[in-house]
Amino acid sequence: MNYKLVFKSAILSGEIMLRNGAETYRVEDTINRILKTTNFQVIESFVTPTGIFATLDDPSIEMITYVKRVDKRTIHLSKVTLTNDVSRKYCTNQLTIEEAYEKLLEIKDKPAYSNLLVIIATGLAAGFFTIVFSGRFNDFIISTIIGSTLGLVDILFKKLNIYKFFYDIVGGCIIALVAILFTKFIHFGSNFDLIIIGSIMPLVPGVAFTNAIRDTIEGNLLSGISRGVEALIVAAAIATGVGVVLKLYYLLSGGGLL
Amino acid sequence: MIIQVVGAFFATLFFCIIFNISRKQLLFCGINGAIGWLVYLLTLNMNSIVLSTFLGALVVSIISHILSKIRKTPVTVYLIAGIIPLVPGAILYKAIYNIVIQDYDMSSFYGIQSIELACAIAVAIFLVASVTKSSRRTK
């Protein structure tokens, strides 16, 4: 058996999952399951949101240890699903390790939805959330415009390699600015609050929050805490962005116009 | 109310595109989000947002676990999608807004409420996950 390839596949699948928004315990579970197919004595993996550590040891081989730092994290859940599939198939002997490794490499380079589609989706998500919170049709249109702008800025910032937290602050500013522009100056939308609430939703750290809880339940306390802090900081950044613009407008308009 | 639930369906669906969930799952994720919001709205007249959010999140988690068993997909995919409408974005905004107009009583009220809501969602996910986990062990 090519145990080195098994080890490499395990690390690769762990890396793909961690990079694309899987919970930490799921990553550990996947790595362990793949490593277990070697039937070696010592199988250990430790995963945090920023890195993977794994060890394989047996009397018959030299001990292998691997440390993989994972710095950039995005959310691409279909990659998580696909990797899960491959590891499930490999562990039930439906795939050989060579095929599995091949498939993992394919998944790693799998393209996301196109930029244009993401921009439109962000817009419509914001728009429909305004409807969910009982907004009117005019509000829907404005939120869609704001959301699309957010999607555009997000893609731009990712290309320029700007910190995620800065995007959240800028995003908050954009939401408040455009909402004020439309409702107070153009007098198009009727409900200022609902537009902002709907448009905030694409920024709200839902994934970090859900994963923080699920990691904590599974006993991965370190990951739970770090993801929880991530969610908190994102929330604070959005609040800062929206708050600063609102405050400025409040002061400039003499306090009466909000 | 129907409009709101349909809105929740589409909002969740488009959210899934942002998260790059594969095409096959989009419909299920959307339905999950809509059902969560429906439960939230139906229980809202019991006069407690926290309880409604809890129940909504509970139903969403149960559905997510069932879906993930049937469709052999990680729970996260459905769970994240379904929870999104319930995440307290609106309350967070109200907390900020009240800081801006210097009504600190209201802002701390909403601030604490958003923490309560987050905890309610957390406990709901926690409960369902614990139950499914123990049933997995006993098999």
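Just so you know, glycine gets a Cβ as well, placed from its N, Cα and C.
These numbers come from a predicted model, not from an experiment.
Residues or ranges marked as domain 'Threonine/Serine exporter ThrE' by TrEMBL: B:4-130. Here TrEMBL flags B:6-21, B:26-43, B:49-68, B:75-96, B:108-129 as transmembrane segment.
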* Asked: In the domain 'Threonine/Serine exporter ThrE' (B:4-130), how many residues does DSSP assign to helix, to strand and to coil?
  -> 112 helix, 0 strand, 15 coil
* To do: Summarise the model confidence on the domain 'Threonine/Serine exporter ThrE' (B:4-130) as a single mean pLDDT, whole number.
  => 88
* **For the transmembrane segment (B:49-68), distant same-chain residues with Cβ under 8 A (at least six beyond the ends)** => 28, 32-33, 35-37, 39-41, 43, 74-75, 77-79, 82-83, 86, 88, 91, 113, 116-117, 120-121, 123-125, 127-129, 132
